[in-house]
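> Pulled these features from Swiss-Prot for this protein:
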type     : residues : note
ACT_SITE : Asp89    : active site, proton donor/acceptor
ACT_SITE : Lys151   : active site, schiff-base intermediate with acetaldehyde
ACT_SITE : Lys180   : active site, proton donor/acceptor
Amino acid sequence: MKLNNYIDATLLKPDATLIEINKFVDLCIIKNVRCICVHISRIAVVKEIIKNTKISISGTVSFPFGNATTKLKINEIKECLKLGANEIDFVANIGNIKDHDWEKVNSEFQKIRNSFKDIIIKVIFETCLLTEEEIIKCCQIAVKNKLDFVKTSTGYSKMGATIEHVKLMKKIVNNECKVKASGGIKTKNFALELVEAGAERIGTSSISEVLN
């Protein structure tokens, strides 16, 4: 297995400078990662650096809290694509999930999928804030709406990916959707364990350590 093919390299800290971004993307090119995930304002910069590679760009949407309206999320996705992204990592409305307002959760997923049928869409649940039943329900709604990935975490809450959550998500989505693990993945061994548990993408900023 080539672990680099699973890696979504992330640089999402708010104080990342252009110098840091350039160095990070250069490392991503050397390591030949699958995708680079950045904030919307940095997409164009990354696109220029990787223009002669096969690396994808994913833009984050309503990150990290997910509390924008669906209309705003759709507009942000449009802007990400205009700037050069070809994948999207959007944060679900966590409040609606905790309220068990599944109609609103479904409506958001449905409107986003129907608006963008031909790009890879990953939905972030922030699993550390959810019960097992809530994770299951979110996965079922994601599958129903044909989202491409269910994703564990933003990396900005109290905990990141766990083996248990990845196994649970994989069990629910089966082969109808894929699982992305992210948050707190700082070693190669942990990344490999998550892949073994069912993750098909690994989101990490620790590229040198994970791909050593």
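For all residues, glycine too, the Cβ spot is worked out from N, Cα and C.
Because the structure is a prediction, the values reported are computed rather than measured.
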> Quick one: Cα separation, the residue listed as 'active site, schiff-base intermediate with acetaldehyde' versus Asp89 (active site, proton donor/acceptor), in Å?
8
> For Asp89 (active site, proton donor/acceptor), which of the three DSSP-derived states applies: helix, strand, or coil?
strand
> List the residues of the same chain that sit at least 6 positions away from Lys180 (active site, proton donor/acceptor) in sequence and have their Cβ under 8 Å from its Cβ, in sequence order, or write 'none'.
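Asp8, Asp89, Lys122, Phe149, Val150, Lys151, Thr152, Ala199, Glu200, Arg201, Ile202, Gly203 - these are the non-local Cβ neighbours of Lys180 (active site, proton donor/acceptor), listed in sequence order.
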> What count of other C-beta atoms do you get within 10 angstroms of the C-beta of Asp89 (active site, proton donor/acceptor), across all chains shown?
30
